[in-house]
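Engineer: Could you have a look at this structure, given as structure tokens, before my questions?
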Amino acid sequence: MPSSRTARTPARQASTQPAIVWFRDDLRLADHPALHEAVASGRPLICLYVLDDKTPALHPAGAALRWWLHGALADLRAQLQSRGGTLLTLAGSAEDLIPKFARNMDAASVYWHHRLHERERAQDDRIRQALEQQGCEVRTHWGTVLLDPDLVSTKQGGFYKVCGSFWKALQTHAVPEPLGIPDMSSFQDVPESVLQDVRLNEAELCPQAPDWASGFRTTWEPGEAEGQEHLEDFLKDAVAEYPRGRDRVAEE
């Protein structure tokens, strides 16, 4: 849930304090509730990604995921640059970097999407607490699932284990319509000196020698447009065939 903001005496006019959008498993511009609300705030935007390999409780990204991440970050940055902004990428502990970066930039607020795994949610709670203690507002949304999972639960408060029962429960809720890409016109410049020592070297995400990812590049194209195309194919083919294919689990 969105939090109330801790009182602070801003170092500059409130309207010029930036809003940080912390991208995680949602490297896209369309249907991004956190980004939409940040844009609606009217504050200059900072778009940020942190590769956290320093937190022991979280699983580090594997080699194949890093290859995919390299392409997805490049795609998101290109989309932002076409609109006058960019994507800043950092490497290190998110619990250290997010509050420190927000403080260095005198940010008014940080926006992100909820995560589902227990350890990730615990980390988010700690980051929220650190930000609010320094007077920075935290705004969170559900942006990687259809609805808050707690809304679609059994009478006993648990989760459904049968698809049919889950589907019936889901139909009792209004699923929000997908959001388009917001009109982003104001971005905050980030000086090169800010957290320069923890900037992510994105080239290191790709294999060097041997280049085992050459086959990936001929088959897959990371990025939002390609993902949207796969989604449309799935909705047109797999979903339409579900009544027949549900009993043929061996088929692709």
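Cβ coordinates come from backbone N, Cα and C, glycine included.
Here TrEMBL flags Tyr242 as FAD binding site. Annotated domain 'Photolyase/cryptochrome alpha/beta' per TrEMBL: 17-146, in sequence order.
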Engineer: Taking only same-chain residues 6+ apart in sequence, whose CB is under 8 Å from that of Tyr242 (FAD binding site), what do you get?
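Structural biologist: In sequence order, no residue meets the Cβ cut-off.
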Engineer: Give the mean pLDDT for the domain 'Photolyase/cryptochrome alpha/beta' (17-146) on the 0 to 100 scale.
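Structural biologist: Average per-residue pLDDT within the domain 'Photolyase/cryptochrome alpha/beta' (17-146): 96.
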